[in-house]
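Presented below is the structure to which this report refers.
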Amino acid sequence: MKNSNEISSSQSLKNNGSDGFFNTSLMYVLAACLASFLFGYQVSVLNTIKDFIVIEFGWCAGKEVNCDDSTLKSSFLLASVFIGAVVGSGFSGFLVQHGRRFSLLVIYNFFILVSILTSITHHFHTILFSRLLSGFGIGLITVSVPMYISEMTHKDKKGAYGVLHQLFITFGIFIAVLLGMAMGNVPEEVNNPLGTFQQIWWRLMFFFPCIISILGIVLLTFFFKEETPYYLFEKGKVEESKEILKKIYGSDDVDEPLKAIKDAVEQNEAAKKNSISLMRAMKIPSYRYVILLGCILSGLQQFTGINVLVSNSNALYKGFLTNEWITTLSVIMTVVNFLMTFPAIYIVEKLGRKTLLLCGCAGIVCAFLPTAIANLINNTSDVVKKLSISATFVMIVSFAVSYGPVLWIYLHEMFPSEIKDSAASLASLVNWMCAIIVVFPSDIIIKQSPTILFFIFSGMSIVAFLFIFFFIKETKGGEIGTSPYITLEERQKHMGKSVV
């Protein structure tokens, strides 16, 4: 039982500046979430301006905008972001070791340079290189921002603030598509020159992240100058850690959260001593099994088709809509994606991880399979076209409340502590690699027939449903550092010591 002093201390922490959603901790989190916004923006920015770049750079001189040359180059540009992210995510672990706030400052400075480079490009090779760099920055964000948020947040608000990362990603996607509406319709004839506004605007859209990055630097340099309390404590700066905790909790009495950080640091050190390398884990059947499950689950997420809709919806909608409605519908889709992230905060704890994953996959199958069959029968019917458009929205809703957020929660709950970091990183790497596999040929397949994509995504979602149903276990309510796939006795046998 807690004594009266401990109860008073806990009550003090709850009744001070940490109360409510809007508090000091939130301000630090929002400064980091500007990087999350950059993530979403950079993934989606090409969606609405790709065809205008084709015309200005003359990739299809005398031909249609979707000529073979432009289709191939567009495929490289779309996939290059994900290729860069693979490299960046691998480098991010090294960067955060030098400080969480420091890593955010590096990211913001990096995107200033990338934005300038992209906005002044005049050749395919330079824009391809700049998109690779954008992807590298996105890879850095995937680790740096969630870690900063987790360590700079009141313990009772980690879940609510943690979802802000995903919300700002979807908000960045929305803004990128919204700004693209100003470009208007793509000229009917590829030989028609772009208007002066269009020539300037698509470059300004590439430059826009520079403004957001400068804002992030200003906030972290002049207003939120402290490192996270966990990082400070880890580096032996206990008093500095205590001071920032006072700001986060709105109380001078922070002995309880300081002790929690101390325990976490000690547990982390113990985990490092007891950790099993990924190579060694792959040689042990029980560990290899859970690692493969995580990698397959992660890879299948991309084969639902989410990143084709996020990064290439305009190309997909061309077959179903007139030009003036294409970007408008993409904007509406991104709004739905943004708004439907909110319900996941509540239902993930109510329904559980496995149930949500199954429901999401079932929703995607119900959206895409009938649509694929209908398009196969008569793809010129107005009813079928409306069905195809509706299917993309059902898919977005199904994904946003399930596979989208739940995967990343599950990957940090399914692995035991001794392999969690390396196994989760490998699963994330598989996710990025599968994104490349899916996104790269999407332009080519859409040009051939969107029906093919509908069949692929519905078929893979059926595979994902069956895989989850038969192999994936529920992790809701599980203890931190444990795994439903490996018993304590099995873990102790391979670690050679007690595991708690």
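Backbone N, Cα and C define each Cβ position, glycine as well.
In Swiss-Prot, the cysteine linked to Cys60 by a disulfide bond, out of Cys33, Cys67, is Cys67.
All protein chains included, Cys67 (disulfide bond) registers 17 other Cβ atoms within 10 Å of its own Cβ. Cβ neighbours within 10 Å of Asn337 (beta-D-glucose binding site), excluding its own Cβ and spanning all shown chains: 24. Straight-line distance linking the Cα atoms of Gln166 (beta-D-glucose binding site) and Trp408 (alpha-D-glucose binding site), rounded to a whole number, equals 11 Å. A distance of 16 Å separates the Cα atom of Asn307 (beta-D-glucose binding site) from that of Trp408 (alpha-D-glucose binding site).
With respect to Cβ pairs under 8 Å, the transmembrane segment (426-446) is most closely packed against 76-96, considering the stretches 76-96, 204-224, 357-377, 391-411, 452-472.
Distance noted between the C-alpha atoms of Cys67 (disulfide bond) and Gln302 (alpha-D-glucose binding site) is 27 Å. Put simply, of 26-46, 132-152, 328-348, 357-377, the stretch with the most CB pairs closer than 8 A to the transmembrane segment (102-122) is 132-152.
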